[in-house]
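Have a look at the structure below before the remarks.
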Amino acid sequence: MSLSEQQLYAISATERVCSAISLTGTAIIVISFLGSSAFRKPINRLVFYASWGNLMTNIATVISQSGIHMGLNSPLCQFQAFLIQWFMPADALWTFAMACNVYLTFFYKYNSEQLRRLEWKYVLFCYGLPFIPSLAYFFIKTKARGKVYGYAVLWCWVSQTWDWLRIAVFYGPVWFFIALTLAIYIRTGSVIWERRRQLRQLGNLDSMRDTQRPLEPTHTRPTTEIRVTSEITRSQQGSCPTAEELCNPVSPFYNPYSVTIEGGFMSRQSSGLPLKAIKHSHSESWSRRRAMSDTSTAAWAYTKYAMLFFVALIVTWVPSTVNRAYSLAYPNSHNFALNYTMAEDNSNNLNPSRQDASPSPPPPAPVPLTPGPRATVLQKTFNQALLRTLRANSYANFSGCFPTPAKHVPASLESVWRQLNAKLEESARAEFEDIIHERDAIRQLNELDRLMGEARHRRDRGQGQGDVAPHTLTPEELYRARLAPHLQEAQTALNENIESTQNQNVALSQRVQSQRSEIEDLLSSLESVVADLEGAATAATQFSAENNLRKEALQMEEEVKARSDI
């Protein structure tokens, strides 16, 4: 069961969107590392080096199926396959390099300078090792299998005829280094857990000693003595590396120290200790524990960064490996969900080739068995009808028929529903293929396409039209032939009038809208003016009432009249 064109388009669009997002993230990493010295730590430097491999991988996945459409022997297709084979497994190698740094830091006390001297070896290892088979594939070609780089469903990569190279040179080495990385992290995690446990025990012993010493009465009694001795140690290399230095180069340097715990039975005379000495001993012990705790915390922080990168790698490679195992178990079937999940991952990995994928160079397929336009439409129609049928049999409808299992065992019912749909799809496609094969539908549809093409060619060249006598035509045919030119002219004129009227209506509508906007603006201005006048009148009335202006005006008028009479 091959993937339909709609499914391939959905996968191609998804992988291009995810690749664009990944390219944006890679650009942020590169800019941050180059623009700020605060990001230039050992773990960030390895991520910076690994980002270039992700950049080239995303360039290959952005190409998507364009390389296939350009041709399997085209430079674009070969370049895409070369990038995928070279840079895609580099993520697993860089994760292994980070794990090696963790291992060297915890077990061999490497400092940041020593780790920096190893980085050129990591670059040569992570990018040089996969480069060898990537370049060698260009020169491998046989008559039976063709070139190594060819068609791989979603992009150009190792072709189906060279399928064993995918396991031997790609998946096998990648999972080998993933297993080594996992072993290193398990070993390191056990050591971190043991050291934290010892540190907590040391803190408890120091606390017990400090709380039992002060103000004890003087008397002689048998006791069991626990003696904790701390000793500052230095590496033979001159400076002892810590993971704190790895994560923060400017942080203060803490020397490691050894702890010896001795126990024994003795009889001694206890006496009270001076309070000053007790405080000094407690402060010194607390300082040592804090230094060791800071070192352990920094080492754990460095390890967490590397482990997060490892988890992302596992999330990326598990769907690809599952899809590969599925293709090996069912070589004639391809799972859309698994292919879509792989396309969604930014480090797009191996995809199984379709059964009908031809090697490079492709052998000529038999013309009668190649689906023509009508056969292609028939297959597309069947796929669409089958998809609608499966959608109609949704889980909601299915669970509605079985309310009791849906309530008590929904997971089991959903599993049954998925198996039923899968079986229905498989049986429907098998019956469809049997019908096509038994009735030789593809060959007959291709023959029909050929006949229709010849008929169109003869019609376009005018062949056969002069052999028909007008008097042999029916009245209806003569009527249509007579009116056809006039009807066409009338239809053309009507279409022009309709278009002109529509344009006028659009212009008139725009003019009405503009006038309506002006009227609304005028009404808004008028309302504001009326509101201002009403406010002024109200203010004047209130002021007149408060200051008795009318009464004063009447008095002044009477005084004027009285003076005029005088």
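Cβ atoms are placed via backbone N, Cα and C, with glycine included.
Between the listed ranges 347-372, 451-476, TrEMBL ties the annotation region 'Disordered' to 347-372. When the ranges 211-238, 267-294, 491-518 are checked against TrEMBL, the one recorded as coiled coil is 491-518.
In this chain, the transmembrane segment (164-186) lies close to the transmembrane segment (92-110): three or more C-beta pairs between them fall below 8 angstroms, excluding pairs fewer than 6 positions apart. With a cut-off of 8 Å between Cβ atoms, the residues of this chain six or more beyond the transmembrane segment (122-140) that come close are 46, 49-50, 53, 78, 81-82, 85-87, 89-90, 93-94, 97, 100, 147-149, 158, 165, 169.
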